[in-house]
């Protein structure tokens, strides 16, 4: 069940969900929220052609504020993306070309759009790009109007920068050092243009956010606020949002809806109820009831399926969720008749291990090439023991050669050894 957060105690509700790492002048912010709707913003730098799971918590926070009646501004950093944020980064970022960054800006703007409502009256969301105010600014204006308000002493003492300065092998370029000024000016600019009074971001952005608060006060004599969401960690200490294949992306072309769904299904019991608070709009009482039910049911917990459904629907829509569940069910029961060509394309993208083979190959060779078996001899024994299926149908003849009828949609054959070991053959 989705809920609309009451604006008057919104900060408290976010804290109950574990979504507040730090907040400036919490009492004054709570008072301001109680007075009526505000405008707030969160920035997304185009450092890749897609957002990833690390962006999801602040993005959903924007949505939570909008549901409570506030006006969200999604800022895509067309200018800051050309510079690179040094915050807590061990080394200098590679600079991307203007054309590349512009292409990524367009993709990220489209990605952000479905999460917010851009047509709901007074609190309709706004999409902004900081290249609009930095693109035409000359260096003298930057140094005189922005630079003069920043103390280098304070800047080098910010934790995010200090870590780089203290390393013998990695310093920091003036380019990245100036990033703090750019993000600070974003806040001041959005305050003037749209009346923005709150910036939200990840906990690594605290130094940049407080710089923006100070600059807005100096330039416009306005009180503004900052709130950071926590860095998501897993109970076992490993990094959240990563798989063996790398980051989990929001773009379905980079991480398929099936793979995305499976990522959440595989959430550890120690993390799942916390993640339901972070990544869904379920009421806290409902999450607690689910935890109690799982604890007492004596069966496998239901929470992972609820989490996977909720987040996959949020990111990939009903169609993406239905496809992910259909593929999951088909792989589990071995019946592939319900799978569409698009479903096989998801599997080929990142769903199961995939190999390419020339037509006319035999089953033993396919098992070896796919690394489902180490040798033809072992493959022969496995096939004879009835442990291999082709598209869900058992095949016990070690001398079997693939037939045209084994090739689905003119391209695909799904092999399985045992219950869980899959490989998708893509025929050349």
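Glycine too: its Cβ is placed from the backbone N, Cα and C atoms.
Counting Cβ atoms from all protein chains shown, residue 179 (L-tyrosine binding site) has 23 others lying within 10 Å of its own Cβ. Sequence annotations record features per position, and here Swiss-Prot assigns L-tyrosine binding site to 41, 179, 183.
Long-range contacts of the motif ''HIGH' region' (46-55) within the same chain, counting only residues at least 6 positions beyond its ends with a Cβ under 8 Å from a Cβ of the stretch, are 76-78, 81, 84, 93, 101, 103-105, 107-108, 111-112, 202, 232, 240-241, 247-251, 254. Per Swiss-Prot, motif ''HIGH' region' is recorded for 46-55.
Panel annotation: around the motif ''KMSKS' region' (239-243), residues 52-54, 232-233, 259, 263 of the same chain, lying at least six beyond its termini, place a Cβ under 8 Å from a Cβ of the stretch. If you look up Swiss-Prot, you'll see 239-243 marked as motif ''KMSKS' region'.
Look at Swiss-Prot and you will find 242 tagged as ATP binding site, backed by sequence analysis. Secondary structure at residue 242 (ATP binding site), taken from DSSP and collapsed to helix, strand or coil, is strand. Sequence-distant contacts of residue 242 (ATP binding site), defined as residues of its own chain at least six apart whose C-beta falls under 8 angstroms from its C-beta, comprise 248.
The domain 'S4 RNA-binding' annotation in Swiss-Prot covers 361-418. For the domain 'S4 RNA-binding' (361-418), the DSSP-based tally of helix, strand and coil residues reads 19 helix, 14 strand, 25 coil.
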Residues that sit under 8 angstroms from residue 41 (L-tyrosine binding site) by C-beta distance, when 6+ apart in the chain: 72, 73, 74, 75, 128, 186, 187, 190, 194, 196, 198, 199, 200
Cα-Cα distance, maximum over 41, 179, 183, record's L-tyrosine binders, Å: 18
Packing count at residue 183 (L-tyrosine binding site) (other Cβ atoms within 10 Å of its Cβ): 27
For residue 183 (L-tyrosine binding site), the three-state class that DSSP assigns: helix
Residues in the motif ''HIGH' region' (46-55) grouped by DSSP into helix, strand and remaining coil: 3 helix, 1 strand, 6 coil
